[in-house]
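Participant: Okay, here's the structure, questions in a sec.
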Amino acid sequence: MSHLGRPKGNQEEFSLKHIVAAATDILGVQVKFVDDCIGDAAQQAAANLQPCEVLLLENLRFHSEETAGDSAFAKALSQLGDVYVNDAFGTAHRAHASTAIIAQYFDEKCFGHLMTREIESLNKVLETPDKPVVAILGGAKVSSKITVIENILDKVDDLIIAGGMAYTFIKAQGGKIGGDSLCEDDKMELALEILEKAKSKNTNIHLPVDAITADAFSEHATIDNAAIDAIPNGWMGLDIGEKSRSQFHTVLMQAKTILWNGPAGVFELEPFSHGTISLGKSVAASTAAGAFSLVGGGDSVAAVKQFGFDDQVSYVSTGGGAMLEMLEGKTLPGIAAILD
């Protein structure tokens, strides 16, 4: 059983019947399909299964009870099998019927191989890491990473802050970031508090020292390089500069464990992709030298795949929101349901 997209009711384009052929090729057995996930048809199809046969249920989200975490819906699903295996890390942070509620109806339940790898990889970074541990946090906003930063400050030796969120830290310390660089003015006091907390925990925070600047948010803009705290008005920082890349490389090459969440700049635009590419090269080189590296979060995962680093790091997480919540120290419903 699985879901596809965010359908509003029974929408044909979101039907899982479209993946039957691909699933059959991958598994090497003919996958059977039933056009519902509960009810008489689903129960009959499940009852008719022979050993080594596979049945694919229709999209769980065709029923609103799935995302609502409805107990009756979860119980109806549970009647289709004897053992429950949860391999959906990407939705482990949601208390949905099929990922969290259903487990209570099974005596035999376990994680699948993917979920196991995800949990083990995150634990290798957060709970039992080889030191020194270096975390890279990028992306646009400090506000989206506050809880992550606070949770990992006493778990990492070095924290590299890049991307748009770095400018809030620079401005908070009195730097001039240009009138158009991304900055959360209402989070500057928080940024200073984070810097103080890091100092008290003996965690080294590394901020960019220079930036690739542009006079417009466009790959066709006029481009320059500036000190990160001396960006002229009318210009914006859209990537880290060469000095920052070099300094971050030195830090990463000393690491034994690396966590990377978020890009260094607007990598979707070619002129501002080189900082993220440089981070990818550094993480790959450190991994080749023996470090364990975990990449997670939608943008950073997209970046490592786009630039071909996905097979040069130790593990690329499949969960955006789920990984973020684990980094925040939260208990994920889909994981707790199996462990309880």
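Heads up, the Cβ atoms here are built off N, Cα and C, so glycines get one too.
Not measured: the values here are computed from a predicted model.
Sharing the record's features from TrEMBL:
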BINDING   Lys145, Gly237, Glu268, Gly297, Gly298, Asp299, Ser300  ATP binding site
Participant: When you measure from the Cβ of Asp299 (ATP binding site), how many other Cβ atoms are you left with inside 10 Å?
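Facilitator: For Asp299 (ATP binding site), the count of other Cβ atoms within 10 Å is 18.
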Participant: List the residues of the same chain that sit at least 6 positions away from Ser300 (ATP binding site) in sequence and have their Cβ under 8 Å from its Cβ, in sequence order, or write 'none'.
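Facilitator: In sequence order, Gly138, Trp260, Asn261, Gly262, Pro263 meet the Cβ cut-off.
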Participant: May I ask you to report the DSSP-based helix, strand or coil state of Glu268 (ATP binding site)?
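Facilitator: In the DSSP reduction, Glu268 (ATP binding site) maps to coil.
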Participant: For Gly237 (ATP binding site), which residues in the same chain are close in space, meaning a Cβ under 8 Å from its Cβ, but six or more apart along the sequence?
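Facilitator: The list for Gly237 (ATP binding site) reads Tyr167, Ile177, Gly178, Ser181, Leu182, Ala211, Ile212, Thr213, Ala226, Ile228, Ile231, given in order along the sequence.
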Participant: For Lys145 (ATP binding site), what is the secondary structure by DSSP, using just helix, strand and coil?
Facilitator: coil
Participant: Which residues does Gly297 (ATP binding site) neighbour through Cβ under 8 Å, counting only same-chain ones at least six apart?
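Facilitator: Listed in sequence order: Gly139, Asn261, Gly262, Ser317, Gly320, Met323, Leu324.
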Participant: Among all protein chains shown, how many Cβ atoms are found within 10 Å of the Cβ of Lys145 (ATP binding site), not counting that one?
Facilitator: 24
Participant: Are there residues of the same chain, six or more positions away from Glu268 (ATP binding site), whose CB falls under 8 angstroms from its CB, and which are they?
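Facilitator: For Glu268 (ATP binding site), no residue qualifies.
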